[in-house]
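Listed features, source TrEMBL:
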{"type": "DOMAIN", "residues": "B:4-172", "note": "domain 'FeoB-type G'"}
{"type": "TRANSMEM", "residues": "B:217-240", "note": "transmembrane segment"}
{"type": "TRANSMEM", "residues": "B:273-300", "note": "transmembrane segment"}
{"type": "TRANSMEM", "residues": "B:330-349", "note": "transmembrane segment"}
{"type": "TRANSMEM", "residues": "B:361-384", "note": "transmembrane segment"}
{"type": "TRANSMEM", "residues": "B:396-416", "note": "transmembrane segment"}
{"type": "TRANSMEM", "residues": "B:454-473", "note": "transmembrane segment"}
{"type": "TRANSMEM", "residues": "B:555-579", "note": "transmembrane segment"}
{"type": "TRANSMEM", "residues": "B:591-612", "note": "transmembrane segment"}
Amino acid sequence: MRLTDLPLRQPAYVDLIDWNALSASDGQRLREFGLCEGASVEALHHGGLLGRGPIACKVGRMTVAMRRSHAAAITVRTGPQEEDA
Amino acid sequence: MTGLPLIALVGNPNAGKSALFNALTGARQKLGNYPGVTVERKAGRFSLSDGRPIELVDLPGTYSLNPASPDEQVTRDVILGKQAGERLPDALVVVVDASNLDNHLRFALELIALGLPTIVALNMVDLATRDGLELDANILSRELGVPVISTVAVRKRGLDHLRSELESMLDGGAGRVRPTGEQPDFEGLRKEARRIARAAVVRETPSRRMTAAVDRVLLHPVAGFLILLALLFVMFQAVFSWAAAPADLLEGWVTALGETITATLPPGVVHDFLLQGVIGGVGAVVVFLPQILILFFFILMLEATGYMARAAFLMDALMARVGLSGRAFIPLLSSFACAVPGIMATRTISDPKDRLTTILIAPLMTCSARLPVYGLIIAAFIPARSVGPGIGLQGLVLFLLYVSGIVGAMIAAWALRLTVTKGQSGGFLMEMPKYQWPRPQDIAIGLWQRAVIFLKRAGTIILLTNIILWVLASFPQAPAGVRQSEYSIAGRIAGGIHLLVEPIGFNRDISLALLPSMAAREVAVSAIATVYAIDAGDDEDALNRTLGERLQGRWSLATALAFLAWFVFAPQCISTIAVTRRETNGWKWPMFMMGYLFVLAYAAAGITYWAAVAAGLG
Ligand SMILES: Nc1nc2c(ncn2[C@@H]2O[C@H](COP(=O)(O)OP(=O)(O)O)[C@@H](O)[C@H]2O)c(=O)[nH]1
Ligand SMILES: [Mg+2]
């Protein structure tokens with residue numbers, strides 16, 4: 001499922017990131033935030049009054065905010081996986 | 001440039017570089033600029049334990065050596081020895097956040113691989129402990145091949161150890177990794193960082209996640225938004241209610257000073273000049289110091305606690321509607337204090353069009369220099385009534401003025417995004433720092449710096465403008481029966497301006513104040529005060545009335561409201577124009593900014609005036 005559909009506070013890990021859907025600079029920033037295949041993620045908050053705002057998620061030990069368009073490029077799987085990508 | 005050994009602080013944003021910089025250098029800091037770019041160079045000095053002086057630079061935070069903004073470019077160039085105006089550092093202190101090692105170590109590895117002598121400061125160990133994480137600095141040091149020192153920058157812990165380690169490093173030896181020549185790829189660095197971070201963990205208990213619990217409330221789509229609004233509202237109420245007592249005190253001192261002058265100096269030009277031009281003008285501005293400090297207090301607190309990033313998150317959806325990102329909210333909120341630091345803070349916005357739009361609308365945020373103007377008019381014309389529990393009418397009007405600025409800014413951004421800054425919006429990606437209790441010293445230092453800046457302004461630009469105004473308004477001397485403020489040179493110039501602004505309800509007093517207040521908005525208040533003081537002459541009764549009371553006698557409510565509306569939009573500040581020119585590299589955008597803001601100001605004042613007259617307030 002996409003990160004946009006991930007229920008809040010459900011531990012998951014990144015399955016696949018569609019780097020082509022992201023601009024080069026956004027892709028790089030996401031990488032620098034530690035987003036990569038296998039990274040653990042947890043959606044924490046959806047912003048915006050109608051839920052169309054950005055998404056705050058925990059990536060490793062960091063909290064990161066991104067727009068839904070970014071989150072839509074990230075496919076996740078639920079369940080705690082001892083990632084070792 | 002000095003010949004001292006140069007040490008650079010590098011690391012991710014929020015790792016604590018600036019805190020460490022402050023802890024090491026104390027008051028011995030110097031702010032400057034790198035040539036050609038508008039990035040601030042923050043340098044200072046400290047001594048090693050043997051007394052040897054060292055120069056330290058605090059570089060802008062960045063996540064890798066792949067820059068995404070002008071700030072980050074400077075960091076990269078300094079470290080690679082390519083930055084004009086900076087020599088290659090003799091050593092690096094890489095600051096990493098102990099509670100976010102995976103991420104910060106990746107950049108640290110990248111830096112260590114450059115081959116400069118390097119020490120890693122394992123900072124924020126106190127926060128890591130709070131999160132249930134215990135790390136072994138020795139293991140880290142072994143794995144990284146460079147010395148690792150545990151520090152708590154804000155408690156000055158680990159500094160002596162850091163100094164002695166730097167000392168032995170500069171004496172030759174430790175800390176240098178022989179460069180392998182090949183630049184490791186991103187993935188490789190990431191995996192290596194992970195492995196090392198894992199190896200260094202001695203114990204890890206599930207963290208208590210205080211930040212996550214607080215965020216559940218503060219980032220809640222409805223509650224969080226209401227809290228943000230409430231916070232802003234309390235801030236503006238406080239500006240009025242908390243400031244009353246200290247402002248009265250200051251006012252008392254200013255009056256006493258004036259009386260001393262009257263008592264000691266013989267009547268004449270010198271006496272009049274000091275009383276009307278200096279005390280009357282500058283004094284009228286200085287009494288707003290408490291209000292300005294209260295406003296800065298709130299903004300410094302919001303920043304230091306980590307709330308600012310949350311506000312950006314909450315605002316992103318709204319900002320996206322007008323083609324901006326939530327990130328723009330931070331410079332815009334700072335612009336409530338002053339547009340100059342606000343415009344400089346737009347450097348963290350990487351998208352050039354997002355950034356330009358943010359710069360162009362920043363002056364619409366009600367800066368603290370408007371407070372003296374708003375404060376004077378509101379106190380004179382809006383009754384101090386309560387309109388609900390804890391809500392004063394004056395605070396409410398002030399709040400509405402701020403809201404008008406914000407709404408105006410949003411409409412302007414939307415229009416700009418469709419025209420002059422057309423294009424794809426840059427998106428919103430941002431780290432949310434952990435919540436922290438701010439340290440009282442940091443807030444106190446911030447407030448102190450603001451107070452000094454404000455008083456310097458009052459003592460220089462405001463004083464100077466006022467002196468010129470006093471001369472122009474005092475001569476030539478009016479014959480009996482004619483008002484001095486109309487007969488003088490200034491009065492005649494104002495007469496010309498008056499023709500332009502009469503349709504929007506501005507009287508001659510305002511016309512006279514408009515020109516000098518181009519220098520700085522507060523001058524509007526000091527200018528009116530000076531002119532009234534001159535008009536009053538030696539008339540005891542007139543002199544004893546406050547400025548507000550005199551205004552009530554001469555302005556209609558409709559005029560006062562139109563004047564307020566003008567100041568919501570008018571770009572009356574030389575410093576803002578100058579910083580816009582610097583940040584946009586030319587005159588095109590500052591000219592554009594002045595043009596569109598004056599048009600808006602004229603329209604807003606006109607509409608307000610005509611509506612008020614129609615409502616019978618003229
Ligand atoms: N608890 C704790 N807070 C710290 C420490 N070092 C820095 N901070 C705080 O972390 C925040 C970010 O620090 P700052 O120096 O601005 O980070 P920079 O972006 O690297 O310059 C500030 O609120 C600091 O007060 C530390 O060792 N312990
Ligand atoms: Mg800093």
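Each residue, glycine too, has its Cβ placed from N, Cα and C.
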CB contact flag for the transmembrane segment (B:396-416) and the transmembrane segment (B:361-384), at least three pairs under 8 A = yes
The transmembrane segment (B:330-349): which same-chain residues, six or more beyond its ends, come within Cβ distance under 8 Å?
-> 38-40, 69-71, 295-296, 299, 302, 308-309, 311-312, 355, 358-359, 361-363, 365-369, 402, 409, 426, 450, 573, 575-576, 579-580, 583
Rounded mean pLDDT within the domain 'FeoB-type G' (B:4-172) lands at 87
What else in the chain is close to the transmembrane segment (B:273-300), if you only count residues 6 or more beyond its ends and a Cβ gap under 8 Å?
-> 231, 235, 238-240, 242-243, 246-247, 250-251, 254, 257-258, 261-262, 265, 333-334, 336-337, 368, 371-372, 375-376, 438, 442-443, 446-447, 450-451, 454-455, 458-459, 462-463, 466-467, 469-471, 474, 522-523, 525-527, 529-530, 532-534, 547
When counting Cβ pairs under 8 Å to the transmembrane segment (B:361-384), the leader among B:217-240, B:454-473, B:555-579, B:591-612 = B:555-579
When only pairs 6 or more apart in sequence are counted, do the transmembrane segment (B:555-579) and the transmembrane segment (B:217-240) reach 3 or more Cβ pairs under 8 Å?
-> no
